[in-house]
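Structure first, commentary second.
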Amino acid sequence: MRRGGWRKRAENDGWETWGGYMAAKVQKLEEQFRSDAAMQKDGTSSTIFSGVAIYVNGYTDPSAEELRKLMMLHGGQYHVYYSRSKTTHIIATNLPNAKIKELKGEKVIRPEWIVESIKAGRLLSYIPYQLYTKQSSVQKGLSFNPVCRPEDPLPGPSNIAKQLNNRVNHIVKKIETENEVKVNGMNSWNEEDENNDFSFVDLEQTSPGRKQNGIPHPRGSTAIFNGHTPSSNGALKTQDCLVPMVNSVASRLSPAFSQEEDKAEKSSTDFRDCTLQQLQQSTRNTDALRNPHRTNSFSLSPLHSNTKINGAHHSTVQGPSSTKSTSSVSTFSKAAPSVPSKPSDCNFISNFYSHSRLHHISMWKCELTEFVNTLQRQSNGIFPGREKLKKMKTGRSALVVTDTGDMSVLNSPRHQSCIMHVDMDCFFVSVGIRNRPDLKGKPVAVTSNRGTGRAPLRPGANPQLEWQYYQNKILKGKAADIPDSSLWENPDSAQANGIDSVLSRAEIASCSYEARQLGIKNGMFFGHAKQLCPNLQAVPYDFHAYKEVAQTLYETLASYTHNIEAVSCDEALVDITEILAETKLTPDEFANAVRMEIKDQTKCAASVGIGSNILLARMATRKAKPDGQYHLKPEEVDDFIRGQLVTNLPGVGHSMESKLASLGIKTCGDLQYMTMAKLQKEFGPKTGQMLYRFCRGLDDRPVRTEKERKSVSAEINYGIRFTQPKEAEAFLLSLSEEIQRRLEATGMKGKRLTLKIMVRKPGAPVETAKFGGHGICDNIARTVTLDQATDNAKIIGKAMLNMFHTMKLNISDMRGVGIHVNQLVPTNLNPSTCPSRPSVQSSHFPSGSYSVRDVFQVQKAKKSTEEEHKEVFRAAVDLEISSASRTCTFLPPFPAHLPTSPDTNKAESSGKWNGLHTPVSVQSRLNLSIEVPSPSQLDQSVLEALPPDLREQVEQVCAVQQAESHGDKKKEPVNGCNTGILPQPVGTVLLQIPEPQESNSDAGINLIALPAFSQVDPEVFAALPAELQRELKAAYDQRQRQGENSTHQQSASASVPKNPLLHLKAAVKEKKRNKKKKTIGSPKRIQSPLNNKLLNSPAKTLPGACGSPQKLIDGFLKHEGPPAEKPLEELSASTSGVPGLSSLQSDPAGCVRPPAPNLAGAVEFNDVKTLLREWITTISDPMEEDILQVVKYCTDLIEEKDLEKLDLVIKYMKRLMQQSVESVWNMAFDFILDNVQVVLQQTYGSTLKVT
């Protein structure tokens, strides 16, 4: 159709022209807006924005939809389409330079203007909230506001400091009566007088539960109108959430600025050293210079009086070093004395951790878990608490008052699962003021405060630069570039604008509910909190009291039951099903009794939530807080869960919340409309299933009383400043000693060591915004796997220094150091008999076969990315061990040992060769062991020719076998080798040495499977004795002659491995598998579906059957892709004189090119698909052997460079396995994919993209 004809007809459509259509559309939208506004108004409306018409450009927070609702409620207009004549204000948070030029002269305002106008109850001036000024021609200044004049009375972000100085009494009164929170927008540091810093810090730390480093966000106050206020820890009831919802969006935008608060609580001491008094004096002097009346503005800080500091009476120190701290130095020093400022100090680490809140919490959790475990082990079945409950039962009333105040008749107790979640209210605060009645009911915070909340701005520090960096990082979802410092730093700004102090970044560990109602949150910086609430009372840490109360809490719970899961020092999960059945009490009665006893014992309040599972119990606790209880009954679950935000679900963080929001999902009710298939498509099979179940209140997680320790670590990223390499080295050794102490305390040893270093990012300020903090950093990590697990500080320290030297860092830029130890094993076990991962005895599974579910219990917990080693084995007469740089991890697709007789017990053979044995007690320097038959079968001349270390191991194994033979007669040898082989460790070389032969002098050398002569390392060959060199040359000549006269016998090679003397037996415990060029296997092991087809397939010819041991070893170790295409050299078999081997004789001249990769004989893709579909759909629990065959097939495809078919096979398996109702199939697919990706990474340096 021609365009002209279309236009001609369009002109007759009733709209005349395109402009007419748009005008009609805009008019319709305006009418719709007015009609919606009339319905939205419900008594909370106003006319604040009368005459204001906004247009939202781009992403804002609150969102455009939220702003539209706000304009409806408060008399404004919302334009979907921008009109230069009608739109009065453009709302935006970020605009490109071209758009700024296009909108030059228009009012482009940040959304905080709307939010704060509503909070103020009147229309504020838009000037402090302009996104850019008319003088700005580029976007570099978008983050700043124009400087407000000191006489400007508007309560915008530029003059909060002036309000605090001139109208403190008015503000405090207003905060107490209206719960109003003054939240700043972004502002320039180039402001007058004391305004310098308030605009920066008032936005920070408004996110619930975040521990940050003083980085604000311009939209920190804009989540006020999203209809829900998630509390900082889910502790507030609905009626308690009366504070404007300033913080929900800030919780998404506020950056997790510092890992130091996550790893160790630096703010517990602020690491104030000998300069502490100088800093406080400087703060006092600068405050007095800038505002002589400031001391009168803050009622908590009189300078010369007998005052209450932290609620206790203290005489203010007279003299120049006295401070106005809300926490006296003398009082604080008792709880947290000063910590050395230099990491080179010998007491730095111990003092640091002794004052770290999070370190104490972590240690307490471990101690409480062990406490519960000890109670369970020593339990005699007597619970004093239950006896009290039984007595209470006899006199209890038939009615009970619920937490809502309703009277309800007690129902007969049910015996269904019932979980109770106990959580102390404002734990640190409650403990801190339990003996301080004068502080109860007042806003209180636990922190290591800094006086009035201000500290000097150190030269070189640039908080705005750090803030901008983290803002970009959060918004972009990745690390941002460092902004140009020239745009942020003004060398004269500090002196010209009076910016010589900043707000304190001492973190608030916990705050009371009275403080939370005023906008203060856990994790907020103390300086910011003091601006929100000048009457905020600070309480110092008291770790001894916290531990005492935590112990009392758990002892109280243990008096009722030992089925307790220690969540934290102030939180526990209890399975009360048995208690209710025994005492005949209702959940509400039991919860009330527990709460009352906890309060009597600790003088602290606890909230209790009860549900049928852990998820519901936790959600019920949110509703119960503070100091309440709530029983979420099964019949109420559906209605209750629908109204819960998805952010309340476990595992839903900022990233997942954003993704769910993009799908239009905010509540669990919205999430219930999503099918599991769609959720799994969007979030993956496991996460999708989790969301599908959690949003319906389904949770099958048990109350776990014991938890396996996976790692031990020690990190410090506060106060790290080095000037010399030797200082860093000494610190690493000291930290290694700390690791040793922790390993010894947990009774574990570790094998995998990781060194983590935080290095100042290029371009970042040398002086950080937080005193002693790490600032903007890059994280660098190195990992090494030791031969044996250790807890020795010297070994750990040596490994750390080696890795540290490879990093080649600028010492002065180091900001954090951490050591992690993984692959833990118990200390009380012999390392040689305890592998680095759990072992599963084959006897645990019938007939030597078991499901992959059992295997994953072993393999899933620990993955090993081994230190790079390359090993060439030297055994008998021509294999020599030479170490290189790659450790081998083997995947055993089939048994490595094959009985000679078909009558041999298959189950026994499989059970002994499934790679899941406990390792032998002797290990070589490369974590390899040599297995030998009984001493009578050894050839002493061969033994003497072995390297000393290898010979020593063989002798030790013989000694062990002789010791065992006295108590247990060995089974009849097969192939000249004992079938009762000792258990194997990872990467075991099985050396089967035949009996000495009296005839055929060349038989000994011919029995060793030689590599192709081209594969022999000339240096290794030259190092051999001359006599041995001659024998090898003769063996190669003989093999060449035999190869010329022999014929191919494919059937024999298919059923029997060509090298019965040397097998690589791999432990299946290694999850990461290396690529195998040649693999020896047994088709007679287990008659699984894939193996059945394998046996009946004429194409069944194992590639490993015709490869030499050297080829086999290289295929496992080198991972260098397929070798040259010339046929592999065949093994020269002369076994007639070897007892037990005559039945295995075959004289192939040489192997032809290996057949195409096949899966149980299926080569074509359609045949493979059919076989896979039959396998997955007919079996509910896949066998280990089947999975390993699939892994081998995939690795063969990689060797053949047939990646296209590999991609199709992997994706087809994924579809089939994810459709299976058995979750074990998903685990099986993950196992297969992990191994394939490892081989791909090693071969091609990349992985397969599986969507």
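The backbone N, Cα and C atoms fix where each Cβ goes, and this holds for glycine too.
According to Swiss-Prot, the feature region 'Interaction with target DNA' maps to residues 352-362, out of the candidate ranges 165-175, 352-362, 462-472, 847-857. ASP423 is the only one of ASP423, ASP778, ASP787, ASP791 that Swiss-Prot places in the Mg(2+) 1 site (with ASP570, GLU571). Take the binding-site residues MET424, CYS426: by the count of other Cβ atoms within 10 Å of each Cβ, the lowest one is MET424. In this structure, the C-alpha atom of SER510 (dCTP binding site) lies 20 angstrom from that of LYS770 (site 'Interaction with target DNA'). Straight-line distance linking the Cα atoms of GLU514 (dCTP binding site) and ASP423 (Mg(2+) 2 binding site), rounded to a whole number, equals 18 Å.
Distance from the CA of ASP423 (Mg(2+) 2 binding site) to the CA of SER512 (dCTP binding site) is 15 Å. According to DSSP, SER510 (dCTP binding site) sits within a strand segment. ARG357 (dCTP binding site) is 28 Å away from THR783 (site 'Interaction with target DNA') when you measure Cα to Cα. When secondary structure is read from DSSP and collapsed to three states, THR783 (site 'Interaction with target DNA') falls in the strand class. Annotated pair MET424 (dCTP binding site) and LYS770 (site 'Interaction with target DNA'), C-alpha to C-alpha distance, rounded: 31 Å.
Of the recorded positions ARG516, LYS770, LYS770 has the largest number of other Cβ atoms within 10 Å of its own Cβ. Counting every protein chain shown, the Cβ of ASP570 (dCTP binding site) has 23 other Cβ atoms within 10 Å. Within the set of recorded positions (SER510, SER512, THR783), the lowest number of other Cβ atoms found within 10 Å of a Cβ is recorded at THR783.
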